[in-house]
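Structure record follows, encoded as structure tokens.
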Amino acid sequence: MPAFPATAPRLGLYPVVDSPDWIARLLEAGVRTIQLRIKDQPEAIAEPAIAQAIALAQRYDARLFINDYWALAIKHRAYGVHLGQEDLDIADLDRIRQAGLRLGISTHDDAELDRALAIQPSYIALGHIFPTQTKAMPSAPQGLEQLKQHLARLTDIPTVAIGGISIARAPGVLATGVGSIAVVSAITQAEDWRAATATLLALTEGDGQAC
Ligand SMILES: Cc1ncc(COP(=O)(O)OP(=O)(O)O)c(N)n1
Ligand SMILES: Cc1nc(C(=O)O)sc1CCOP(=O)(O)O
Ligand SMILES: [Mg+2]
């Protein structure tokens with residue numbers, strides 16, 4: 001199976017948000033890797049938001065990954081797609097690859113890592129690192145030690161940590177050598193999202209080069 005196109009070796013700060021409004025704010029604040037994560041909407045409802053988000057990101061030359069809606073991501077020429085293990089069962093990976101989109105895949109244990117590595121995606125996400133209120137997780141948090149063990153297998157591919165990463169926990173996560181921290185509530189639930197974003201950008205400074 002051919003590899004998916006490369007992304008930046010270190011994706012830096014990677015906010016995961018649910019609307020083009022959030023994407024516009026974060027682009028303006030200097031974020032260059034973002035995911036649009038709209039859950040469980042009919043395609044007709046999700047499509048205008050996806051098209052708007054992709055157009056915004058293109059204006060800033062930013063890396064926008066579309067969660068789940070891979071066909072709409074192809075249609076509107078997104079930078080990339082993010083898929084979980086269940087999404088992999090139904091997505092047409094050949095179509096995503098042939099369209100030239102990058103692909104990120106979620107993993108939570110060694111078996112899922114084996115499956116993801118065989119697909120040769122653009123990055124691999126590892127979660128959830130800490131308890132999270134944002135999504136009901138069937139497994140236990142993996143913690144920093146397990147994250148380090150997983151990273152040891154992933155020396156040749158960009159990596160992203162996700163799940164319960166707060167500003168306080170971010171330095172410990174980054175110290176594992178992971179290339180990116182994906183966050184939802186650390187930004188969207190912050191009292192001051194601008195300040196939170198600036199702090200997280202500073203912590204990941206130097207990461208997120210072009211590609
Ligand atoms: C960067 C990143 N990592 C993991 C996920 C989770 O994806 P998935 O398992 O498909 O779950 P949903 O987000 O679709 O609920 C993610 N979105 N982004
Ligand atoms: C969407 C998602 N996926 C996860 C995984 O482990 O696959 S954890 C998660 C939610 C992350 O939100 P927060 O930063 O608020 O904890
Ligand atoms: Mg998914």
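Yeah, the Cβs are placed from backbone N, Cα and C, and that goes for glycine too.
The 4-amino-2-methyl-5-(diphosphooxymethyl)pyrimidine binding site feature in TrEMBL is assigned to Gln35, Leu36, Arg37, Ile38, Lys39, Asn67, Ser106, Lys135. Just so you know, the Cβ of Ile38 (4-amino-2-methyl-5-(diphosphooxymethyl)pyrimidine binding site) picks up 20 other Cβ atoms within 10 Å once every protein chain is counted. Look at Ile38 (4-amino-2-methyl-5-(diphosphooxymethyl)pyrimidine binding site): DSSP puts it in coil.
The C-beta environment of Asp87 (Mg(2+) binding site), restricted to residues of the same chain at least 6 apart in sequence and closer than 8 Å, consists of Asp68, Trp70. Residues annotated as Mg(2+) binding site in TrEMBL: Asp68, Asp87.
Among the features that TrEMBL reports, domain 'Thiamine phosphate synthase/TenI' is placed at 19-187.
Shown in sequence order, Tyr14, Pro15, Val16, Val17, Leu64, Phe65, Ile66, Asn67, His82, Ala182 are the residues of the chain, 6+ apart in sequence, with a C-beta less than 8 angstroms from the C-beta of Gln35 (4-amino-2-methyl-5-(diphosphooxymethyl)pyrimidine binding site). Less than 6 Å separates the Cβ from ligand 3 in the case of Asp68, Asp87, drawn from the binding-site residues Arg37, Lys39, Asp68, Asp87 in sequence order.
A count of other CB atoms within 10 A of each Cβ picks out Arg37 as the most crowded of the binding-site residues Arg37, Lys135. Within the group of binding-site residues (Lys39, Asn67), the Cβ with the highest number of other Cβ atoms inside 10 Å belongs to Asn67.
Among the binding-site residues listed (Gln35, Ile38, Lys39, Asn67, Asp68, Asp87), none has a CB atom closer than 6 Å to any atom of ligand 2. The DSSP secondary structure for Lys135 (4-amino-2-methyl-5-(diphosphooxymethyl)pyrimidine binding site) is coil.
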